[in-house]
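Trainee: Pulled the feature table from TrEMBL, pasting it below:
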- A:6-25: transmembrane segment (TRANSMEM)
- A:32-53: transmembrane segment (TRANSMEM)
- A:78-98: transmembrane segment (TRANSMEM)
- A:110-127: transmembrane segment (TRANSMEM)
- A:128-417: domain 'NADH:quinone oxidoreductase/Mrp antiporter transmembrane' (DOMAIN)
- A:133-151: transmembrane segment (TRANSMEM)
- A:163-184: transmembrane segment (TRANSMEM)
- A:242-265: transmembrane segment (TRANSMEM)
- A:271-293: transmembrane segment (TRANSMEM)
- A:328-348: transmembrane segment (TRANSMEM)
- A:369-387: transmembrane segment (TRANSMEM)
- A:407-430: transmembrane segment (TRANSMEM)
- A:451-470: transmembrane segment (TRANSMEM)
Amino acid sequence: MDGLILLLPLMIPLAAAALTAMLWRSVRAQRAVGVAAAVALLVAAVTLLVRVLDGGVVASQMGDWRAPFGITFVADRFAAIMVVIAATMALATTVYGLAHDALDRERAGFHPLFHGLILGVIGSFLTGDLFNLYVWFEVMLIASFGLLILGGSREQIDGALKYAVLNLVGTTVFLIGVGFLYGITGTLNMADLAGKVPLAENRGLVSATAVMLLAAFGLKAAVFPLFFWLPASYHTAPPPVAAIFAALLTKVGVYAMIRVFTLVYGGAAEWVGPVVAVLAALTMLTGVLGAAAHYDIRRILAFHIISQIGFMLLGLAVWTPLALGGAVLYIVHHIVVKANLFLIAGAIERAGGSYQLKDLGGLSRSQPLLAVLFLIPALSLAGIPPLSGFWGKLTVIRAGLEQGHAWLAGVALLVGLLTLYSMIKIWNYAFWKEPPEGAPAVSGLTGRTRLLMLAPITALAAVTLTISLWAEPFVAVSLEAAAELLSPTAYIAAVLGSPAPGPTVLGALP
Amino acid sequence: MPSVILRTSARPLLALMLVFSLYLLLRGHNAPGGGFIGGLFAASGFAVYAIAFGRRAAEAALRFTPKAVLGAGLLLALVSGLPAFLLGEPFLTHLWWSVLSTALVFDVGVYLTVVGAVCAFLFELTEE
């Protein structure tokens with residue numbers, strides 16, 4: 001039974017991708033399957049989270065090949081939380097996508113690719129095997145490349161090529177690192193690696209693999225200095241695609257980083273903390289400064305993804321239960337808020353006819369509801385109390401101060417201020433100022449489109465408000481997830497079966 | 001215009017290659033072969049056909065759009081893992097009834113997925 005609960009969040013998007021491909025000629029049927037699958041996925045994800053919160057880590061060995069020889073899927077609290085949040089985003093963007101009526105895009109395979117992307121993301125969260133993680137990265141990369149070039153404009157193909165080539169370099173480095181790890185330890189099962197990596201004799205090589213994985217996941221997560229593919233590509237995608245990318249793709253990189261450095265290298269590579277601290281600070285600063293320079297809403301938001309990744313890395317850099325708990329909370333908050341801002345950007349474009357701030361104006365009068373819905377995630381992103389971003393930032397920064405990283409906390413606060421500047425800039429230009437002279441009075445945000453666009457935006461804003469005003473349970477679960485990450489005995493026991501077999505040193509030839 | 005030799009031989013070649021691809025698929029049961037290589041072989045049959053008679057004719061010969069074949073393959077592979085749950089075994093634990101097994105269903109799924117994916121690429125790249 002546990003195996004079914006664990007795998008349903010994977011089987012539903014796979015079945016949805018397969019069915020929508022089979023219904024290739026009927027876009028209407030594909031839409032129906034898409035919405036049904038997204039709802040089913042959310043139900044399955046919540047079921048998994050409830051099961052994990054009640055009964056601890058769930059693991060299942062594919063094909064009954066015992067770990068560490070087969071492929072393991074495993075869900076601890078962190079993974080289950082991520083699956084739920086990914087499913088929520090899938091549902092919100094699916095509903096929002098219905099408003100877009102982009103028939104040619106949907107005929108070209110939007111739905112199968114979308115579900116393929118969700119499959120890759122959830123696979124990355126649930127896998128317990130390092131090589132399998134690589135495979136899910138590739139699934140994600142293929143699906144996201146396909147989604148990026150749908151429509152086929154020159155700008156899109158330019159952005160998509162940069163995205164694909166740089167990510168391919170990243171996954172190649174990942175694969176080389178995985179190869180070395182396998183050479184050193186003779187296993188790829190992460191729970192098994194947790195026992196064998198600390199015993200490996202060639203410490204230099206272990207550190208080298210850690211650097212390779214850090215670089216590969218860092219590129220996925222758009223960490224300084226490997227972030228440049230993100231602002232080059234995200235703004236070319238249509239709003240629902242940009243929203244799901246912004247919500248999930250970089251966060252998979254962060255997830256993989258946290259998972260691998262807590263579980264596989266847990267304490268075995270002491271230099272990781274300080275290095276990640278510097279990277280986090282630089283990531284936060286470059287992201288927020290890049291955003292300050294831009295006047296295209298989507299580019300501003302894309303740069304803010306980068307800066308927010310820095311906050312999540314703070315958790316890994318400080319390496320205490322509070323810091324990691326803060327990082328988990330921050331990821332949850334950020335995914336909801338960021339996806340919502342991209343959805344709102346699409347609605348702004350529909351209502352005002354442009355993504356360029358200087359061409360927009362007066363939306364607070366013509367679209368008062370959209371204005372309020374913009375303020376909730378925007379101020380939350382900047383960390384204004386009592387919104388969800390405040391709790392995330394408070395936890396992370398407090399953990400930093402407790403460990404004596406005052407400079408890191410200072411950078412984080414400065415970045416928060418500059419984030420507020422960018423959000424106020426969008427507010428002032430798009431909503432507050434008078435519309436520019438001679439601007440065409442377009443408002444495509446009416447009727448059914450308005451309902452389908454604003455419903456998911458409102459729902460996500462409601463999720464943000466829930467995390468904001470009722471933060472206690474979210475903080476508590478995040479801290480539990482962090483405690484589980486820092487002492488993964490339950491994870492290892494669930495995968496390898498308890499009692500765990502004694503460690504054997506491989507690769508230490510006489 | 002492709003040569004007369006190619007146009008005359010493409011049709012029997014397609015038939016032969018499809019039969020051989022099925023042989024490869026079934027042989028994969030306990031010898032080298034299997035769904036992947038079988039699927040590739042079938043797809044190359046359609047490739048020869050597409051070169052000889054053009055994309056439209058090859059699409060008509062495949063009958064379903066390649067994407068639908070791909071989807072059916074994925075679904076079949078997924079379904080082949082489900083009976084294990086009835087016995088309380090983990091996903092993809094294959095069940096055997098002498099020579100028939102859910103593993104064969106999985107392999108047929110792989111076969112269709114490969115045929116669909118390769119034909120989808122090929123047809124897009126073939127000029128009409």
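Every residue gets a Cβ built from N, Cα and C, even glycine.
Automatic prediction, not curation, is the source of TrEMBL annotations.
Computed from a predicted structure; not experimentally measured.
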Trainee: By a Cβ-Cβ criterion of under 8 Å, what residues six or more beyond either terminus of the transmembrane segment (A:163-184) are in contact with it?
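Mentor: Sequence-remote neighbours of the transmembrane segment (A:163-184) are 130-131, 134, 137-138, 141, 144-145, 148, 193, 197, 200, 202, 205-206, 208-209, 212-213, 215-217, 219-220, 226, 228-229, 232-233, 264, 506-507.
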Trainee: Tell me, please, if the transmembrane segment (A:78-98) and the transmembrane segment (A:328-348) are in contact, taking contact as 3+ Cβ pairs under 8 Å between residues separated by 6 or more positions?
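Mentor: Counting Cβ pairs under 8 Å, at least 3, so yes.
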Trainee: Ranking A:133-151, A:328-348, A:407-430 by the number of C-beta pairs under 8 Å to the transmembrane segment (A:451-470), which range is first?
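Mentor: Stretch with maximum Cβ contacts: A:328-348.
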